Amino acid sequence: MTNINYELIDTTAPAPEQEPERQRYFIAKCREIIKERELEIGRKLTFYDQTFGCQMNFKDSEKLNGILEDIGYVKADTEKADFVYYNTCTVRENANVRVYGRLGALKNYKKKNPEMVIAMCGCMMQEPEEQEKVKTTFKFVDVVFGTHNIFKLAELLYECLSGRKRVFDVWEKTDQIIEDLPSDRKFGFKAGVNIMFGCNNFCSYCIVPYVRGRERSRKPEDIVAEVKKLASEGVVEVMLLGQNVNSYGKNLENPISFAKLLTMVEEVEGIERIRFMTSHPKDLSDELIEVMAHSKKICKHLHLPVQSGSSRILKLMNRKYTKEHYLELVDKIRTAVPDIAITTDIIVGFPGETEEDFQETLDVVRKAKYDSAFTFIYSKRSGTPAAKMPDQVPDDVVHERFDRLLKVVNEAAKEQNGKLTGNTELVLVEEIDEKDDTMVTGRLSNNSVVHFKGDASLIGKIVPVVLEESKGFYYLGRLSVNG
Ligand code: SAH
Ligand code: SF4
Ligand code: F3S
């Protein structure tokens, strides 16, 4: 929520042209409609979001929720709400299937609740054929927008509510970055911060550049101002978000490196921990490694997607590094930051992948000693260059490789996890343990999870914990009394 007094906005005047003033005006207009509806039906109106995909989408949903709360909607905990939106992902085929699978239930809720407004947004809606499908097959969906105009939610909702009509507004691209709109953060003590939008890398399998547009960096001063504001609100950990944070700032009017941005964020008082996602190996600089090695706040965790261990496949993937270059990078990082946890993403079954190529991937997993890896089966995305490549790998071969990969990933992870047993480490307490309410769950700097005895008063605090036992993917510990 913001501190803006919407009552002071003259909603009888024409809409301002400038952003974010224009959206504030439409928030005020929507507030009037919602208030009237509340009086008529004798209860508050509610909203619910269903968010799929990556951190970018979750961050976008926080912004959308902030706008909805300023409009006067109250957050519900079920889809039986008055405004429901699906923020979609299209990175792999199964992401799309899941969305359409769930939409059916909404139709039934809407039949029972005439107030209900249903919206779809996010990456899937950037694809013309998906938009068309929603338009013609899912007629109960009222509002559709894309990734470039989430800031416009209030204006679109106003059009829908005032005209009682369906509203479709998807932009092909944008060069705008709208600052200073509301946001409803999920956690009080940690927050994601966008540092850039879009992607220019065009990895040959990936749809993200097509649905998120060209790379745009936010100005460092805007990012630092947001981080300062978050710190003043009690946030101790920030996660800097971008599809390829290592190329941050290159296209700004006054270019600046990601490493430099990190040093600026490091100076913000109150921020204790800094994380970032995602690092593309091709742009990871020595300057960044240097900054990580000397930083007191940057967490000892690097997510460094390798995608494949075969230099031949990496070339076809347009990743612009080789297996050797990647492993050298890993070595350099481990030497500079000894206790760092390295995690990765791997795709199995890219077109043309042979058993030999796959063996190279297994080799990288063993050599890089990942703490964990997200493993994906290659999914053909129409419009990407890889979709047209010959030798798509048969399903049974891919699945068999996938199972073998999982085994090797788990073996590597087992070796890494538990390395800190016996140490006393600082832990950011995140929540009450899901399985035992006399315990709390927190994270180490290296992103490992630890459970230990404690209560809700610890949530959001950074405390020393003795890591008593490793349980494979997590530790059991005890609050250190000596500090
Ligand atoms: N920008 C990040 C990745 C964003 S997508 C990066 O470059 O590392 C997250 C992950 O989804 C990717 O790392 C990749 O492993 C996986 N992915 C993307 N497209 C895919 C596809 N077509 N099939 C299977 N996995 C895919
Ligand atoms: Fe996709 Fe590659 Fe961009 Fe990551 S860097 S979002 S994998 S195109
Ligand atoms: Fe999915 Fe879009 Fe993220 S396609 S992975 S939600 S950028």
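Each residue, glycine too, has its Cβ placed from N, Cα and C.
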Please state which member of Cys30, Cys89 TrEMBL lists alongside Cys54, Cys123 for binding [4Fe-4S] cluster 1. Cys89
For ligand 3, list the binding-site residues among Cys89, Cys123, Cys199, Cys203, Cys206 whose CB atom is within a distance below 6 Å of it, in sequence order. Cys89, Cys123
So Cys54 ([4Fe-4S] cluster 1 binding site), by the Cβ count within 10 Å over all chains shown, scores 16
For the domain 'TRAM' (418-481), report the average pLDDT of the model, please. 96
Going by DSSP, is Cys123 ([4Fe-4S] cluster 1 binding site) part of a helix, a strand, or coil? helix
With every protein chain in view, how many other Cβ atoms are within 10 Å of the Cβ of Cys123 ([4Fe-4S] cluster 1 binding site)? 27
Listed in sequence order, the residues of the same chain lying six or more positions from Cys89 ([4Fe-4S] cluster 1 binding site) whose CB sits under 8 Å from its CB are Phe52, Gly53, Cys54, Asn57, Ala95, Gly122, Cys123, Met124
Ligand 1 is in the model; which of the binding-site residues Cys89, Cys123, Cys206 have a C-beta less than 6 angstroms from one of its atoms? Cys206
Enumerate in sequence order the binding-site residues Cys54, Cys89, Cys123, Cys203 whose Cβ-atom distance to ligand 2 is under 6 angstroms. Cys203
